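According to TrEMBL, the protein carries these features:
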type	residues	note
TRANSMEM	12-29	transmembrane segment
TRANSMEM	64-82	transmembrane segment
TRANSMEM	94-115	transmembrane segment
TRANSMEM	135-159	transmembrane segment
TRANSMEM	180-208	transmembrane segment
TRANSMEM	220-242	transmembrane segment
TRANSMEM	362-388	transmembrane segment
Amino acid sequence: MIKANINWRTFYLCTIIFRFVLALSDSYIHPDEHFQSFEVLTSRILGYATNIPWEFQSSSPARSFGPLYLIYGPLLYIIKLLNLQLTPIQIWYLARLQITVLSWVITDSCLYWMLPTKPERIKAIFFTSTSYITLVYQSHLFSNSIETVLVILAILIIDDLRYVHESKEREIQQLNKSSSLFWFGVIVSIGIFNRITFPAFLILPSWFLLNYLLAHPARMVFPVIGFAIPTILFIAIDSICFGKATVAQILDSPLEWSHYSITPLNNLLYNSKYENLVQHGIHPYYTHILVNLPQILGPGLIYLFSKTYIRTIPFLSLLSAVVFLSFVPHQELRFLVPMVPLACCCFDLTSKIVRPWMMKVWYLFNIAMAILMGVLHQGGVVPALTYFQQHQQSSVQIWWRTYSPPSWLLASNSTETISLTDQADFSKTINIIDAMGDDIEKVNDKFISLPRDKPIYLITPIASFRHFNSSQFQPIWNHTLHLDMDHLDFTNWESLQPGLGIYQLL
């Protein structure tokens, strides 16, 4: 166990500071943190011209507006209704502080209430708080960040119901848990509409929920009602937002199924087709177990090699997620993010294989990963967009070897984002050409073909700028804390140079 109270308390207080520091950092972990949140919402609420992803615009939309409006809608509507003159970067920081506080308070509270003894609580909260996943991923606007909060809430309720059901004390057995069952239904509904992966964390633990409900069949109605209320509300919101029906049509013909858009069902049907998953990347079925788990837990994985916790609800939830999500051939690390607090509940520090030096390795691993993913990873993209937003002017921007630039950070109402092969609409104030990792020849050809009636900029990692003729460009801005990990060439040390630059075509 963590021996001295002063040690764990000091580290815990430090992690609180680190959470807020990293919540205000500019790293960019994955495009979904923007394109499945504020790239969508700011278009609808603040009127920004944004690049709406396919999940929110197809005839069978695969993402729900409901959880987004629930979590981030109040912030954006307050900004709009009070006419607050906030820049996009300020809005982004506020949203990240919001999800950071929400995650911190709920996760730590659930761990405190769920675990039976003070040492167990200290251990779980300590390791959760010092994990780079908590410090970094939970401060980014991922649907996975929301999922983590919902999973731990659901697991807390199941654990409590198991305790009541298995208790030998008559007074405890007679406790009325109708309210908990109702809120469990609410959480499951929000969780499914937020991410279709949510049930994977509950499949095995739900055995104990089933046992409780079989012992109290009259109470089955409460989770059903709890599930139905947000489900109906989210379906109505999505149906209206995606243009399937109006409020009047829903009220006039509530049983007309053609009016409704059920996004989790669309998402499930989409992801059940292998040819669709190919577009997003196919991984071996062992990726979660052999690649993602070690990346998430690092040396903490050693603490899981124990039989002590295998019958606990957190361990069953962790196991459930890893097993069932491994059946899907598209396996990204962030899909397992909600398992971190669950795994930390199951760390066995009394195991014979545990050594004192392992704690130091845990610190070093998480500090290194927090700097890498929380500060450096694609860390110049957001500052570069902020530079353009602060120097509002018409422009053509070619982004090469960066993650897709989230155009909502420009706060423009006349912006388009296209690929290198698309035809640009130069009547727009800002044309963003996302060249991704296309061949340098294609990028150069694009520069040649562009009209010169407005400034043309290249935004690319400093290490990649060496592929261009520097005499044709004027450097106008750079950001040192940027690391492009997708184009590293360890045979060429120049490719390891950090930084992102903006270069104007002369």
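Every residue gets a Cβ built from N, Cα and C, even glycine.
Just so you know, TrEMBL annotations are computer predictions that nobody has curated.
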So what's near the transmembrane segment (180-208) in sequence-distant terms, Cβ-Cβ under 8 Å and 6+ beyond its ends? 64, 66-67, 70, 143-144, 146-147, 150-151, 153-155, 157-162, 165, 219, 222-231, 234, 263-264, 267-268, 271, 313, 316-317, 319-321, 324-325, 335, 338-339, 342
Per the definition of 3+ C-beta pairs under 8 A with sequence separation of 6 or more, do the transmembrane segment (12-29) and the transmembrane segment (362-388) touch? yes
Looking only at the recorded stretches 64-82, 135-159, 220-242, 362-388, which one has the largest tally of CB-CB distances under 8 Å to the transmembrane segment (94-115)? 135-159
Contact between the transmembrane segment (64-82) and the transmembrane segment (362-388) (at least 3 Cβ pairs under 8 Å, separation 6+): no
Under an 8 Å Cβ to Cβ limit, what residues of the same chain, 6 or more beyond the ends of the transmembrane segment (135-159), are close to it? 15, 18-19, 22-23, 27, 29-30, 32-34, 36-38, 67, 71-72, 95-96, 99-100, 102-104, 106-107, 110-111, 113-114, 129, 180-181, 183-184, 187-188, 190-191, 194-195, 197-198, 201-202, 205-206, 208-209, 313-314, 317, 334-335, 337-338, 340-342, 366, 369-370, 373-374
